[in-house]
Amino acid sequence: MQTTPSIDPTLEWFLSHCHIHKYPSKSTLIHAGEKAETLYYLIKGSVAVLVKDEDGKEMILTYLSQGDFFGEAGLFEEGQLRSAWIKAKSPCEIAEISYKKFRQLIQVNPDILMHLSAQLARRLQNTSRQVSNLAFLDVTGRIAQTLLNLAKMPEAMTHPDGMQIKITRQEIGQMVGCSRETVGRILKMLEDQHLISAHGKTIVVYGTR
């Protein structure tokens, strides 16, 4: 069951200086190619970070959930353009603040920059693991690893047999770089091995908590 963690005093202070907005599921929050001027903080919900090729085919790079910053690239180098699309995976409540105002807050309380920096370091580690998985794991391994990662996210729900997640076969394919049909075949194989159960968008990953 998803819970809302108690908020850190520094983050609470930071949020008091932000504009808070709510977005419905499937809303596009950031468009690739637009000028980067705003930092975002996810209070509730989850978003997908994705890129598109010239034909409009999407690849999901990662999911972000409550407590995550995003849109930070232009904070450190002016004139940056957004490099990825951000879309709401579920209804979201998001704090938004201009880079200019955030830089002013850093002067008052540098701890907020440490929060952001710690997240960026963890995200870099996750990206390194993702690149390694793409290079060294076959598609079955990539899908299995993706399911394990999703089972650890805040929106995963406890289930008597493990953790329950909601994701489509198309979304899994966009994350690991394969077709929806391939995902379906591998999920069936994982079911036959009694590692998961999959019914529509609902997947239970056994033995995870």
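Easy rule for this one: first residue shown is 1, then count along the chain.
Note that Cβ sites are derived from N, Cα and C of the backbone, with glycine treated the same way.
The region 'Activating region 3 (AR3)' annotation in Swiss-Prot covers 52-58. The region 'Activating region 3 (AR3)' (52-58): residue composition by secondary structure is 0 helix, 2 strand, 5 coil, according to DSSP.
Annotation source Swiss-Prot lists 3',5'-cyclic AMP 1 binding site at GLY56, LYS57, GLU58, MET59, ILE60, LEU61, THR62, GLY71, GLU72, ALA73, ARG82, SER83, THR127, SER128, citing similarity to another entry.
Shown in sequence order, CYS18, HIS19, ILE20, HIS21, THR38, LEU39, TYR40, TYR41 are the residues of the chain, 6+ apart in sequence, with a C-beta less than 8 angstroms from the C-beta of GLU96 (site 'Activating region 2 (AR2)'). Annotated site 'Activating region 2 (AR2)' per Swiss-Prot: GLU96 (among others), in sequence order.
Look at Swiss-Prot and you will find LYS100 tagged as N6-acetyllysine, backed by similarity to another entry. Within the same chain, no residue at least 6 positions away in sequence has its Cβ under 8 Å from that of LYS100 (N6-acetyllysine).
Long-range Cβ neighbours of LYS101 (site 'Activating region 2 (AR2)') (same chain, at least 6 residues apart, Cβ-Cβ under 8 Å): HIS17. The site 'Activating region 2 (AR2)' annotation in Swiss-Prot covers LYS101 (among others).
The 3',5'-cyclic AMP 2 binding site annotation in Swiss-Prot covers ALA135, PHE136, GLN170, GLU171, ILE172, GLY173, GLN174, MET175, VAL176, GLY177, CYS178, SER179, ARG180. With a cut-off of 8 Å between CB atoms and residues at least 6 apart in sequence, the same chain places ILE143, THR146, LEU147, VAL183 near ILE172 (3',5'-cyclic AMP 2 binding site), listed in sequence order.
Look at Swiss-Prot and you will find 137-209 tagged as domain 'HTH crp-type'.
Taken from Swiss-Prot, the feature region 'Activating region 1 (AR1)' covers 153-162, and the record attributes it to similarity to another entry. In the predicted model, the region 'Activating region 1 (AR1)' (153-162) shows an average pLDDT of 90.
Residues annotated as DNA-binding region in Swiss-Prot, with sequence analysis given as evidence: 179-185.
Binding-site extent for 3',5'-cyclic AMP 2: residues ALA135, PHE136, GLN170, GLU171, ILE172, GLY173, GLN174, MET175, VAL176, GLY177, CYS178, SER179, ARG180, maximum pairwise Cα distance 22 Å (rounded to the nearest whole number). Residues of the same chain lying 6 or more positions beyond the ends of the region 'Activating region 1 (AR1)' (153-162) and with a Cβ under 8 Å from any Cβ of it are 1-3, 46, 63, 65-67, 90, 197, 204-209.
Counting every protein chain shown, 20 other Cβ atoms lie within 10 Å of the Cβ of GLU72 (3',5'-cyclic AMP 1 binding site). Of all Cα pairs drawn from GLY56, LYS57, GLU58, MET59, ILE60, LEU61, THR62, GLY71, GLU72, ALA73, ARG82, SER83, THR127, SER128, which the record names as binding 3',5'-cyclic AMP 1, the longest spans 25 Å. Each of the binding-site residues GLU58, ILE60, VAL176 was scored by the other Cβ atoms within 10 Å of its Cβ; the lowest score goes to GLU58.
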